[in-house]
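For reference, TrEMBL has these:
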- 17: site 'Transition state stabilizer' (SITE)
- 22: active site, proton acceptor (ACT_SITE)
- 72, 78, 85, 99, 100, 109: substrate binding site (BINDING)
- 98: active site, proton donor (ACT_SITE)
Ligand code: DQA
């Protein structure tokens with residue numbers, strides 16, 4: 001099962017940016033030491049960009065043949081109709097994740113353009129939000145009757 005973890009703007013600065021909110025670990029460290037060993041049965045890939053169009057290109061590239069996408073769109077979550085349209089267009093299911101609890105922060109962060117087109121949203125569990133999203137995909141077994149990787 002091929003799963004893409006896609007991070008948007010400023011998430012390349014994890015471990016350096018606002019540590020009281022986002023923690024002191026880089027995503028690469030968490031990915032290599034925690035996520036890869038925790039999900040040996042998933043084919044995990046990680047990609048990050050600060051550029052909205054590059055995120056759209058990546059979603060389009062994998063969105064018709066990967067089985068899942070775990071997407072933290074960073075601040076584009078709260079602004080991007082274009083990313084919302086891409087998630088609606090592709091067939092691969094997307095789980096929205098946030099490290100911080102966006103609903104406990106400024107009002108502007110309560111709006112998400114990603115959430116309405118995602119299968120579900122996970123927000124506020126620190127880096128473990130990604131693990132929870134991957135658990136969702138891991139438990140979807142291809143053999144399960146009626147299961148369909150594609151969105152309904
Ligand atoms: C974030 C929350 C967003 O509001 C913020 O712009 C980010 C990170 C999170 O993971 O908590 O860059 O997506």
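Glycine residues also receive a Cβ, built from the backbone N, Cα and C atoms like all the rest.
Predicted, not measured: the structure shown is a model, and the values here were computed from it.
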Entries of 72, 85, 98, 99 (recorded positions) sitting next to ligand 1, with Cβ under 6 Å as the cut-off: 72, 98, 99
Could you state the whole-number distance in Å separating the C-alpha atoms of residue 72 (substrate binding site) and the residue listed as 'active site, proton acceptor'? 13
Cβ neighbour count (within 10 Å, all chains shown) around residue 72 (substrate binding site): 26
Taking the Cα atoms as reference points, how far is residue 85 (substrate binding site) from residue 22 (active site, proton acceptor) in Å? 28
In this structure, which of the recorded positions 17, 98, 109 has the fewest other Cβ atoms within 10 Å of its Cβ? 17
DSSP-derived class (H/G/I helix, E/B strand, else coil) of residue 17 (site 'Transition state stabilizer'): coil
Sort residue 99 (substrate binding site) into helix, strand or coil using the DSSP assignment. coil
Going by a 10 angstroms cut-off between Cβ atoms, which of the binding-site residues 78, 85, 99, 100 has the sparsest surroundings? 85
